[in-house]
Amino acid sequence: MAGCRLWVSLLLAAALACLATALWPWPQYIQTYHRRYTLYPNNFQFRYHVSSAAQAGCVVLDEAFRRYRNLLFGSGSWPRPSFSNKQQTLGKNILVVSVVTAECNEFPNLESVENYTLTINDDQCLLASETVWGALRGLETFSQLVWKSAEGTFFINKTKIKDFPRFPHRGVLLDTSRHYLPLSSILDTLDVMAYNKFNVFHWHLVDDSSFPYESFTFPELTRKGSFNPVTHIYTAQDVKEVIEYARLRGIRVLAEFDTPGHTLSWGPGAPGLLTPCYSGSHLSGTFGPVNPSLNSTYDFMSTLFLEISSVFPDFYLHLGGDEVDFTCWKSNPNIQAFMKKKGFTDFKQLESFYIQTLLDIVSDYDKGYVVWQEVFDNKVKVRPDTIIQVWREEMPVEYMLEMQDITRAGFRALLSAPWYLNRVKYGPDWKDMYKVEPLAFHGTPEQKALVIGGEACMWGEYVDSTNLVPRLWPRAGAVAERLWSSNLTTNIDFAFKRLSHFRCELVRRGIQAQPISVGYCEQEFEQT
């Protein structure tokens, strides 16, 4: 019987898709009809409900109203349409927006409510939500429901939607160290994230290759660690702009400063921070991970992370902790002496000592933290509210077994392993990402409730501003729908039709999103 209900629901979804072909991600509940209403661009407006907690002056929604009016109709004037069918003349010139709780000057967080309802019928055109963040998601859905006839008339169908995200953390990671991404590329990415209902920008700011974050506490890190200290850095103003731009789109900024590995770019600007490597009994002239044996290391980290904690308002920081190469530590006699003094018998214990000390430092600043899975694998003692991000896809531990182990230990988990978008293969590889079920591991309902979402990751070894957009979009949309929509929304044919239309909508909005199959868009990219 359950299988029969699922089959019927998929048939219904396919039928509805004919009326809502560009809806992405698919809502939790939707009813839509052939009855349609005309939208008049010259007169259309967004308006606050008289009882809404948010009113004019709420910058989050005021700015969103301007954005979506421009996305829908542009800035030009439109002639009044003429009709042969009287049914088409019933117009909808106002979308009324009602919010229960005004959070207009706040930042979104992991607990933010994004539910909304959208009702379009003869009597009303109403978007209702508990928060401004839910209203933002509803505005995006509304914009996708509007369509234009061959004659140039805008319509919207009679529709009822009740929608909410399946997971609260739906992220995109950008790596701005291996290749510097201009500020405009980051802001453009935030725009398209909002179109896909992503709500976390995981900013992998620094790595071995470069240190583009401009630190006001340790300016030499940027001067000596960036590719170019004038053109290839993110100033304090740049960072503030990213954070505010994201906030206005309901997106959190999760900043990552990965240590003790992935820190070679830190060395030139912070003498004594990295471990000197030895070749036999002599210094080799090279450096390895952060030196965990010196008190000065922890003084430095304490000062730097105090700054970072003040710059980035989100409760969580990402502290990395992955891929620590022990070779240099093994070669260094001072490290060996420190380990002997501490009673450490292997280098995982040394790594754990460093990470545990860093976690304690960050905790003192009233921050939570996200770490890569190695921190859990190496049995570092962490707070119960730590979030573990799973990224390793290969054996010996398959990523679903890792999810099982992490949640069994009582920790919250994020999944990224199957969603590395920098890895490209010929053909519609978005389907592989779409088919991933984040809860497809053996575990109790309590374990599965600890999976709070996941992230699509775009690492930068072979990605810069020349190929970021087409490599990211619309492929990341597969992850967006998996993290937003119901676990029953899995039909590939249904997804293909909608994603094809959504890709064309992205192109219409000026996004150079790559095609997912043979075909065309009514408005091609060079025409935008």
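Any Cβ shown, glycine's included, is placed from N, Cα and C.
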Review point. Considering the candidates CYS58, CYS125, which is the cysteine that Swiss-Prot reports in a disulfide bond with CYS104?
Key: CYS58
Exercise for review: Provide, as an integer number of angstrom, the distance between the C-alpha atoms of CYS277 (disulfide bond) and GLU323 (active site, proton donor).
Suggested key: 17
**Study point:** CYS328 (disulfide bond) and ASN295 (N-linked glycosylation site), distance between Cα atoms, whole Å
**Key:** 19
Practice item. Give the helix, strand or coil assignment DSSP yields for CYS58 (disulfide bond). Key: coil
Revision key, fill the gap. Per DSSP (helix/strand/coil reduction), CYS504 (disulfide bond) sits in helix
**Study point:** Spatially closest candidate among GLU323, CYS328, CYS504, the listed recorded positions, to CYS58 (disulfide bond) (Cα to Cα)
**Key:** CYS504
Review point. What is the separation, in Å, between the Cα atoms of CYS521 (disulfide bond) and ASN157 (N-linked glycosylation site)?
Key: 22
